[in-house]
Amino acid sequence: MKGKEEKEGGARLGTGGGGSPDKSPSAQELKEQGNRLFVGRKYPEAAACYGRAITRNPLVAVYYTNRALCYLKMQQPEQALADCRRALELDGQSVKAHFFLGQCQLEMESYDEAIANLQRAYSLAKEQRLNFGDDIPSALRIAKKKRWNSIEERRIHQESELHSYLTRLIAAERERELEECQRNHEGDEDDGHIRAQQACIEAKHDKYMADMNELFSQVDEKRKKRDIPDYLCGKISFELMREPCITPSGITYDRKDIEEHLQRVGHFDPVTRSPLTQEQLIPNLAMKEVIDAFISENGWVEDY
């Protein structure tokens with residue numbers, strides 16, 4: 001990713017007591033060697049180089065974030081998380097540390113924490129004017145989507161359990177009433193009367209069951225997984241756009257978000273970095289029509 005955020009230390013070691021120079025590589029040289037290995041996708045070897053750099057100079061945040069990225073590539077989020085936390089102890093403004101920490105937490109399904117760190121990384125990148133392209137926004141969209149899906153799965157499971165519980169209650173109540181009817185008419189010679197009462201009990205509980213199933217079928221759409229397509233979400237807030245507008249570069253933003261960006265950050269397109277002024281923003285009426293239709297058909301988006 002682009003953007004140089006930390007000042008890196010690790011000067012060469014001095015001469016030894018005997019006056020002969022120390023031939024071992026410096027922390028910076030080890031870091032550069034690790035970078036070359038990383039480019040070659042030799043992640044374990046790169047992580048080892050960054051580890052040696054840390055041993056030589058444990059006070060440089062970038063060594064930890066570089067090793068954390070190796071661990072992420074090797075699908076070892078716990079080790080990556082530890083390195084990210086150490087990097088943040090050294091440099092609380094590190095974009096990469098927050099970004100990689102968010103990715104670790106995303107892998108570990110800690111979605112709220114992941115979103116918080118990814119949002120912090122995005123804010124810091126804007127403040128420091130570092131260009132990470134769509135890397136951070138993309139990770140943030142994924143984290144929000146996974147958190148939403150997790151909430152939806154839990155809700156669907158709870159509704160399914162409720163349906164099963166009510167079904168068992170109705171069936172148990174039916175059996176109890178049928179048994180009570182049988183006991184109350186033991187010895188009666190009029191079997192027709194007993195059968196009529198039992199038929200009434202059966203019909204009553206069949207109606208209970210049918211009414212309940214109808215009620216659940218009416219909310220069937222709510223049981224399904226719900227999602228907002230990425231193309232309807234703003235590229236700054238990552239929320240459903242309400243007033244989409246398009247830039248000369250062809251990128252669509254929510255108006256309030258892009259205007260805030262222009263006022264607080266600078267007069268350029270956040271994605272393409274092209275010069276941009278508020279007067280160049282044009283309402284995207286076609287997208288607005290699509291969004292309005294989506295909202296009208298999916299009332300749940302207000303809670304998304």
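Every residue gets a Cβ built from N, Cα and C, even glycine.
Look at Swiss-Prot and you will find 1-10 tagged as compositional bias 'Basic and acidic residues'.
The annotation compositional bias 'Gly residues' is assigned in Swiss-Prot to 11-20.
As annotated by Swiss-Prot, phosphoserine applies to S20 (among others).
Residues or ranges marked as phosphoserine in Swiss-Prot: S24 (among others). Mapped onto three states, the DSSP output places S24 (phosphoserine) in coil.
The phosphoserine feature in Swiss-Prot is assigned to S26 (among others); the stated evidence is similarity to another entry. With a 10 A radius on its CB, S26 (phosphoserine) counts 17 other CB atoms from all the protein chains.
Around S150 (phosphoserine), a 10 Å sphere centred on its CB holds 12 further CB atoms from the protein chains shown. Per Swiss-Prot, the feature phosphoserine maps to S150 (among others).
Taken from Swiss-Prot, the feature phosphoserine covers S274 (among others), and the record attributes it to similarity to another entry. In the three-state DSSP scheme, S274 (phosphoserine) is classed as coil.
Annotated region 'Disordered' per Swiss-Prot: 1-30, in sequence order.
For the region 'Required for interaction with MAPK7' (102-201), the mean pLDDT of the prediction comes to 88. Feature annotation from Swiss-Prot assigns region 'Required for interaction with MAPK7' to 102-201.
Swiss-Prot lists 143-197 with the feature region 'Required for interaction with and ubiquitination of MYOCD', giving experimental evidence as the kind of evidence.
Secondary structure of the region 'Required for interaction with FOXO1' (144-198) per DSSP, as helix, strand and coil residue counts: 49 helix, 0 strand, 6 coil. If you look up Swiss-Prot, you'll see 144-198 marked as region 'Required for interaction with FOXO1'.
Summarising the annotation, Swiss-Prot assigns region 'Required for ubiquitination of FOXO1' to 144-304.
What Swiss-Prot lists as repeat 'TPR 1' is 27-60, and the listing cites sequence analysis.
As annotated by Swiss-Prot, repeat 'TPR 2' applies to 61-94. Note on the repeat 'TPR 2' (61-94): DSSP counts are 27 helix, 0 strand, 7 coil.
Annotation comment: Swiss-Prot describes 96-128 as repeat 'TPR 3'. According to DSSP, the repeat 'TPR 3' (96-128) comprises 29 helix, 0 strand, 4 coil.
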Other C-beta atoms that fall within 10 angstroms of the C-beta of S274 (phosphoserine): 12
S274 (phosphoserine) and S26 (phosphoserine), Cα-Cα, nearest whole angstrom: 40
Local Cβ density at S24 (phosphoserine) - other Cβ atoms counted within 10 Å: 11
